[in-house]
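Below is one structure, written out as structure tokens; the observations come after it.
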There are 2 protein chains.
Amino acid sequence: MQIINDPAYMQKTAESLRLKHQLIAVVMTMGALHEGHLSLLKIAKENAGTVILTIFVNPRQFGPDEDFHRYPRPFEKDAAMAKAAGVDYLFAPDVESMYTEGFQTQVNTGDITNRFEGEKRPGHFNGMATVVLKLLMISKAHLAIFGEKDAQQLAVIKRMVRDFNLGTTIIEAPVVRNEDGLATSSRNIYLSSQERQQATVLYQGILRAKELVAQGMTETEKILEEVAAVIGSAPDATIDYTGIVDADTFAETGTLRPNAHHRLLLAVWIGSTRLIDNSILEPLEQSAAQDT
Amino acid sequence: MQIINDPAYMQKTAESLRLKHQLIAVVMTMGALHEGHLSLLKIAKENAGTVILTIFVNPRQFGPDEDFHRYPRPFEKDAAMAKAAGVDYLFAPDVESMYTEGFQTQVNTGDITNRFEGEKRPGHFNGMATVVLKLLMISKAHLAIFGEKDAQQLAVIKRMVRDFNLGTTIIEAPVVRNEDGLATSSRNIYLSSQERQQATVLYQGILRAKELVAQGMTETEKILEEVAAVIGSAPDATIDYTGIVDADTFAETGTLRPNAHHRLLLAVWIGSTRLIDNSILEPLEQSAAQDT
């Protein structure tokens, strides 16, 4: 595994690989690698001859009150995990080389980020999309693997790839969960052991929603009420938002439609740690058909 | 010369060319080709084995009161000129294939567009930069040739290429002028013969500025006053703006600095047609040195 810090050198290396007809897959992270990231790398290995892992804690996707400085940066451990996972190139630039003097051009992600994470974290998605665009250009990847965990991020990136004709194939990787259902996240390490136990209410909320939908419920307001009740059972849980949206446009929907691609979204504070989770909801064909 | 309308097919073609180690240059136009465009194509031919010409009248860089519908579209004539100029691929997509359903991601060009053309034409540079990014992705060009005529556009594109790590080399082509100094422009055809004569005041203003600078004048306000007097001598001329800026950042400057890259900018209405022009100003080393 080669570690590269310089964006121009990474780009030149990627260009040579392309000219040698190598298929390149990229996995973008902010480091602090966990099982979720390893699952993305596994998909990358299965789909491409060359795997580039990027580690870059991007200041432009953190808000002023967010945890940029507190964000974990265990580089040596990450590099060892990357090597073990079969990564070919670990690209880890510093902030100055990514945002050179006079930097000012940004991606504007549009209506898809007016709500949910975009509303709660102003500027987050523009900063994220900008760095994803930069990393796609630098890595010259044919394939990029992103987790469904960050569902709105995934939708924004897919939209950007189409809108800007980037030509990259985006592969969606399912959420990786602990045995009790908690989605893996770099932020889970902030949880106390009591909070860690309570954090399972997000997944329990998802299971409750799936159960209701399987029973034929299509009214999203009612489903979200029941989800809120499950989450509210944890004493240190505070709902930031819940929603049920079209999985591509992130437009909210009042009634589940048959054969549509709906997603349940959750953002919940457990103590002082904010967790997100989500799941596709598939309405029953027969019950949904009654609404049309 | 092959004419291609489909963005995906153009991109695929360009990718094959790259894999055959072909060097690709792109010239982007809105059609209505004139001597100015031909000079860009000539530079492209000199620098690359494959030349792609794009013709796309981009609705997203016209304001609501601008001439999108009135803009000339002489496609057959353009194609003949392109072929004669040695173009290999003429890429001419329609609006629907460039802005597909749900399109919403845009480039935000930043402070460089707060003034001058950016201020006068809100949204213009974001729309322009977005389509330039798309056309760079579709054409997969190693080189892109842009004219100095649209100086702020050139600065915005250079900034975007750096900020987004696009890896494209931008070549700047000098302004092409008619014998009497009027810069070639697709909009010149809107001028009546009387207006056409008066339109030379832009170039006369540039010559006056150069003369003053050669005489040692470094105060930009005084230079612009003299330029305004020259332009004001034409009865149908109305100044939209004049300015002297740093050529890279487009920040205005009060005093010409030695060894700096300054540009004089002009936008002038001649009757109901708006013309722009510009020129690099090079202060005398000895006179400029007195100010430091």
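Glycine too: its Cβ is placed from the backbone N, Cα and C atoms.
Annotations in TrEMBL come from automatic prediction, not curation.
Not measured: the values here are computed from a predicted model.
Annotated active site, proton donor per TrEMBL: B:H37, in sequence order. Every protein chain shown contributes to the tally, and the Cβ of B:H37 (active site, proton donor) ends up with 27 other Cβ atoms within 10 Å.
Classification of B:E148 (ATP binding site) by DSSP places it in coil, neither helical nor stranded. Cβ environment of B:E148 (ATP binding site): B:L154, B:E172, B:A173, B:P174, B:V175, B:N278 lie under 8 Å away, each six or more residues apart in the same chain. What TrEMBL lists as ATP binding site is B:30-37, B:147-150, B:V176, B:184-187.
What TrEMBL lists as beta-alanine binding site is B:Q61. The secondary structure of B:Q61 (beta-alanine binding site), as reduced to three states from DSSP, is helical. Note on B:Q61 (beta-alanine binding site): other Cβ atoms within 10 Å of its Cβ, all shown chains, come to 21.
Annotation source TrEMBL lists (R)-pantoate binding site at B:Q61, B:Q153.
Spacing of B:G36 (ATP binding site) relative to B:Q153 ((R)-pantoate binding site) is 15 Å (Cα to Cα, whole number).
For B:Q61 (beta-alanine binding site), the nearest neighbour among the binding-site residues B:M30, B:L33, B:V176, B:S186, judged by Cα separation, is B:M30. Across the binding-site residues listed here (B:M30, B:L33, B:V176), the residue whose Cβ sits among the most other Cβ atoms within 10 Å is B:L33. Cα to Cα, B:Q153 ((R)-pantoate binding site) and B:S186 (ATP binding site) are separated by 16 Å.
A coil conformation is recorded for B:V176 (ATP binding site) in the three-state DSSP classification, outside any helix or strand. B:V176 (ATP binding site) sits 9 Å from B:H37 (active site, proton donor), taking the Cα positions as reference.
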